[in-house]
Amino acid sequence: MRPMTHVPVLYQEALDLLAVRPGGVYVDATLGGAGHARGILERGGRVIGLDQDPEAVARAKGLHLPGLTVVQGNFRHLKRHLAALGVERVDGILADLGVSSFHLDDPSRGFSYQKEGPLDMRMGLEGPTAKEVVNRLPLEALARLLRELGEEPQAYRIARAIVAAREKAPIETTTQLAEIVRKAVGFRRAGHPARKTFQALRIYVNDELNALKEFLEQAAEVLAPGGRLVVIAFHSLEDRVVKRFLRESGLKVLTKKPLVPSEKEAAQNPRARSAKLRAAEKEAP
């Protein structure tokens, strides 16, 4: 496993809103490179770190950080993971919903449309791969997936191009798919033409929106009074789910408008550009 750098997005803002207190128990629900978790530990908190990716779990365990308990699992099963540790209430929960830099930088995981790799896109080890989805899904279902989960205006044209290509030979790699999309839609000013297609497939393969809804409901339940929930979303579908949940959850919303990266952070870390942070607090009954 080669070392890679992980740049936590909205690092200071997330930790400040989490309001870490020494001795408190906090959940980093998307442990990844443990960037945010380290910040919580440095402020005296104890951290339960969840990640469904076995590689991320192995990396985090290898750090041997005092006060960090690493658990492999999906955050949609938050209550189950906490129960297994004998934990009923926590003082704060943080979720960074972005694709980990480790995933994007490792071509073998199949998340990047710029680096050749197998069409996988699974965060964990379960479920269908992106390769299975693009080679098996009927035209109408594929177009709907791209339109609804990728917010892709040319969904039908891309779906048609995918179906035409797979009739000649199976679509095997990330760059193969990216080229099919590029030829179908042509040049775009705003980013790579395959960006929204890859987003849609990743969300579908990992059932991300349903997992997020389940996580948020459980997070509100396990927070102790005064405990805080901090969520960083990276696209409008995620942010919409978080915004709606916070509005309807009964939690006290701490961010009237979402926090976004400064121009300096966005320049230093282009992947942070679309991030939106929302936070809420569980009030005493």
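Glycine residues also receive a Cβ, built from the backbone N, Cα and C atoms like all the rest.
Straight from Swiss-Prot, the features:
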type: BINDING; residues: Ala34, Gly35, His36, Asp51, Phe75, Asp96, His103; note: S-adenosyl-L-methionine binding site
type: REGION; residues: 259-285; note: region 'Disordered'
(message) Counting only residues 6 or more past its boundaries, what in the same chain has a CB within less than 8 Å of a CB in the region 'Disordered' (259-285)?
(response) 7, 9-10, 13-14, 17-18, 98, 101, 104, 220, 223-235, 239, 242-243, 246, 249, 251-253
(message) Sequence gap of 6 or more, Cβ distance under 8 Å: name the residues on the same chain that satisfy this around Asp96 (S-adenosyl-L-methionine binding site), in order along the sequence.
(response) Pro8, Val9, Ala14, Thr30, Gly32, His36, Ile232
(message) Can you check which residue among the binding-site residues His36, Phe75 has the largest number of Cβ atoms within 10 Å of its own?
(response) His36
(message) If I restrict to non-local contacts, at least six residues apart, and a C-beta distance under 8 angstroms, what lies near Asp51 (S-adenosyl-L-methionine binding site) in its own chain?
(response) Thr30, Leu31, Gly32, Val57, Ala60, Val70, Val71, Gln72, Gly73
(message) Taking 10 A as the limit, how many CB atoms besides its own sit near the CB of Ala34 (S-adenosyl-L-methionine binding site)?
(response) 23
